[in-house]
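J.: The annotation ATP binding site is assigned in Swiss-Prot to Ala13, Tyr14, Ser15, Gly16, Gly17, Leu18, Asp19, Thr20, Ser21, Ala40, Gly121 on the grounds of sequence analysis. Per Swiss-Prot, L-citrulline binding site is recorded for Tyr91, Ser96, Asn127, Arg131, Ser182, Ser191, Glu267, Tyr279, and the stated evidence type is sequence analysis. Here Swiss-Prot flags Thr123, Asn127, Asp128 as L-aspartate binding site.
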Amino acid sequence: MNKWTDVKKVVLAYSGGLDTSIILKWLQSELGAEVVTFTADLGQGEELESARRKAEIMGIKEIYIEDLREEFVRDFVFPMFRANAVYEGVYLLGTSIARPLISKRLIEIAKETGADAIAHGATGKGNDQVRFELSAYALDPDIKIIAPWRDWTFKSRTDLIEFARVHQIPVEKDKEGEAPFSVDANLLHSSSEGKILENPAIPAPEYVHMRTLSPETAPDKATIITIGFKKGDAVSINGEMLSPATLLAQLNNYGRDNGIGRLDLVENRFVGMKSRGIYETPGGTILLTAHRAIESLTLDRGAAHLKDELMPRYAELIYYGFWFSPERKMLQAAIDLSQEHVEGEVTLKLYKGNVIVEGRQSKKSLYFDKLVTFEDDQGAYDQKDAAGFIKLNALRLRTLAARSSVL
């Protein structure tokens, strides 16, 4: 029985790929609904007009294809990097951070077109279904959300491929002559899952990596770059002021050429299972190292340590899909306040998968060489003061030791 009989018009997050092309036809045939397609250019590097052509062939009248690269980096990626956010110590959240923006536009387009539902192609096993829907409900509590993977009878990607063949929907092939890996990509990263990658004991084939040279084949000569920061955001490379998306794209090029940003990860999904993914985040890996380096000069110790304590919770909120939650916004306000004086330049050496800090400088620096010098500090610091500092900090330890000696 069709539980969506009252749905007349649906906005579909449409990539033009296998899953969403099948979903489009399923929405038309099973629901009898009018479908509006929305394709976001987040820097995935694909020719998006093919999505328009596929949608037109399938009878779609309202087609939205939008370049959201600048908004994506400015309003989502950069705020996240101010926090130095990584999930489970290593994952730079490239997929997670893209979902709130897509959901935001789905809701906006639904209102513009009079649609009463939105739809996405995330499976019932993954995190993306949660991220899309939590974001959508945060922006429109009454929106209807259709997740075909949770409703239809297909059980696997093999079933989808057979459906596609029956309905003459093209299926692209990868280098092994089989159906493609499950791939997600945007300006921040790319990820690959599925097929041979589902066995975490087997190394990922080299052809899975789409965005980086292997460190072994990267140039033998290092690349030196300087990144400029203002209020915690990267604003320039080698002295040239750049827009957020242009800057990240250039960092991606540097990272690609030097084999930087590869990650083979088994992660804990929000839904409770573990999954294995191959991630490439070349520009983001460079940016994270540079941002931490400029913070080391300009952030007070207390603020820096508190940020590091809050970061895992902040990263978890993004990974789980709570970008629009009050707690994420509260943390963001604190993080943004901490970035007021985070400005200056960081010089990096990029070499065969490594990002090495060569130097950093800032007019807002809290590093004073007269305080730390091993030479004559001309009275800037009286070493005798350390004795009282140590004695007071040792008081509770001495008290504990005294009690132990009595016992």
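Cβ coordinates are placed from backbone N, Cα and C, and glycine is handled just like the others.
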J.: Identify all same-chain residues not among Thr123, Asn127, Asp128 whose C-beta atom falls within 8 angstroms of the centroid of the L-aspartate site's C-beta atoms; report them in sequence order.
T.: Ala122, Lys125, Gly126, Gln129, Val130, Arg131, Arg269
J.: Return the count of C-beta atoms lying within 10 angstroms of the C-beta of Ser21 (ATP binding site), excluding that atom itself.
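T.: I count 24 other Cβ atoms within 10 Å of it.
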J.: Just report the maximum Cα pair distance in Å for the recorded L-citrulline binders Tyr91, Ser96, Asn127, Arg131, Ser182, Ser191, Glu267, Tyr279, no decimals.
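T.: The L-citrulline-binding residues span at most 19 Å between Cα atoms.
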J.: With a 10 Å radius around each C-beta, find which of these binding-site residues (Ser15, Ser96) has the fewest other C-beta atoms nearby.
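T.: Taking Ser15, Ser96 as the binding-site residues, the minimal 10 Å Cβ count falls on Ser15.
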J.: When DSSP states are folded down to helix, strand and coil, where does Ala13 (ATP binding site) land?
T.: strand
J.: At its widest, how many Å does the recorded ATP site span between Cα atoms of Ala13, Tyr14, Ser15, Gly16, Gly17, Leu18, Asp19, Thr20, Ser21, Ala40, Gly121?
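T.: The span, Cα to Cα at its widest, is 16 Å.
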J.: I need the CA-to-CA distance for Asn127 (L-citrulline binding site) versus Ser15 (ATP binding site), whole Å please.
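T.: Given the Cα positions, Asn127 (L-citrulline binding site) is 18 Å from Ser15 (ATP binding site).
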J.: List only the single closest residue to Tyr91 (L-citrulline binding site), chosen from the binding-site residues Ala13, Asp19, Gly121, Thr123, Asp128 by CA-CA distance.
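T.: The answer is Asp128.
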J.: C-alpha of Ala13 (ATP binding site) to C-alpha of Asp128 (L-aspartate binding site): distance in Å?
T.: 12
J.: Just name the winner among Gly17, Gly121 (the binding-site residues) by count of other CB atoms within 10 A of its CB.
T.: Gly121
J.: Want to know which binding-site residues, from Ser15, Ser21, Gly121, Ser191, are within 10 Å of Asp128 (L-aspartate binding site) at Cα; which are they?
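T.: So the list is Gly121.
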J.: Within the chain of Thr123 (L-aspartate binding site), which residues six or more apart in sequence place their C-beta under 8 angstroms from its C-beta?
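T.: When sequence neighbours closer than 6 are ignored, Thr123 (L-aspartate binding site) has Gln129, Trp149 within Cβ distance under 8 Å.
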J.: Let me check the 10 A CB neighbour count of Glu267 (L-citrulline binding site). How many other CB atoms are there?
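T.: So the Cβ neighbour count for Glu267 (L-citrulline binding site) comes to 18.
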J.: For each of Asp19, Asp128, count the other CB atoms within 10 A of its CB; which of these binding-site residues has the top count?
T.: Asp128
